[in-house]
Amino acid sequence: MDEKLLKTIAESKYLVALTGAGVSAESGIPTFRGKDGLWNRYRPEELANPQAFAKDPEKVWKWYAWRMEKVFNAQPNKAHQAFAELERLGVLKCLITQNVDDLHERAGSRNVIHLHGSLRVVRCTSCNNSFEVESAPKIPPLPKCDKCGSLLRPGVVWFGEMLPPDVLDRAMREVERADVIIVAGTSAVVQPAASLPLIVKQRGGAIIEINPDETPLTPIADYSLRGKAGEVMDELVRHVRKALS
């Protein structure tokens, strides 16, 4: 393990992380853009946008119920556990994720920002009542709001929708404080998440990229570690723990 990399992490004043679908892929949750990605079997425009939901809510809900079932049955992997350990060590201050599962939290991470919402949450299309669910709904029937009776929808951000302003503001505040960012398992193409590491870089901070493949972020990353997030993060945290002891 690169000693300079370990020093960068151990001596960081405010380290944050940005994680994407590649982190949860090792838990059996399909990615969207990998070779075996979810979008290879389904057209995203058919399923993950407001128009598709308005046109055929049952079809969209069936797909999301299937995804929710996968998430609820999945277990955190070595990457999730490693990020939680970095937080326990006092090194990682905040974890920003593009993932809509709760595997970071179940691994023990506490300060997590979900940019794209969560499959654990459903919300009303009319009154905005939202609540957490413990299991995937059985479709049909379509789930209805217990307050106003309107149709419920998954609590995620769809294509064509804006990120909740408070969530994006919080993420921006975190990266503006950061002197190091670990970017793991993300294709670095989905905005505005892809711009977050650039803010750290522009402010003189370091980017540590972890990905099996090169991404648009690779040319400007200070460190690019090739491999699966679970394997790389597990080894990285073991070395960081030693460096801190």
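Glycine residues also receive a Cβ, built from the backbone N, Cα and C atoms like all the rest.
The annotation domain 'Deacetylase sirtuin-type' is assigned in Swiss-Prot to 1-243 on the grounds of sequence analysis. Taken from Swiss-Prot, the feature NAD(+) binding site applies to 20-39, 98-101, 185-187, 211-213, A229, supported by experimental evidence. According to Swiss-Prot, the feature substrate binding site maps to Y64, R67. Summarising the annotation, Swiss-Prot assigns active site, proton acceptor to H116 and lists sequence analysis as the type of evidence. Summarising the annotation, Swiss-Prot assigns Zn(2+) binding site to C124, C127, C145, C148 and lists experimental evidence as the type of evidence.
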Note to self: Quick check for the class: what is the C-alpha distance, in angstrom and rounded, between the residue listed as 'active site, proton acceptor' and S24 (NAD(+) binding site)?
What the structure shows: 15
Check: Counting distance between Cα atoms, which of the binding-site residues G28, Y64, R67, Q98, P212 is nearest C124 (Zn(2+) binding site)?
Finding: Y64
Margin query: I'd like to know the mean pLDDT over the domain 'Deacetylase sirtuin-type' (1-243).
Written below: 94
Notebook entry, point to check: What Cα-Cα separation, expressed in whole Å, is found between S24 (NAD(+) binding site) and C127 (Zn(2+) binding site)?
Noted result: 32
Item checked: Lowest local Cβ density among C145, C148, which the record lists as binding-site residues, within 10 Å -> C148
Notebook entry, point to check: Out of G20, G28, R67, G185, which of these binding-site residues is nearest C145 (Zn(2+) binding site) by C-alpha distance?
Noted result: R67
Check: For G20 (NAD(+) binding site) and R67 (substrate binding site), what Cα-Cα distance in Å is obtained after rounding to a whole number?
Finding: 16
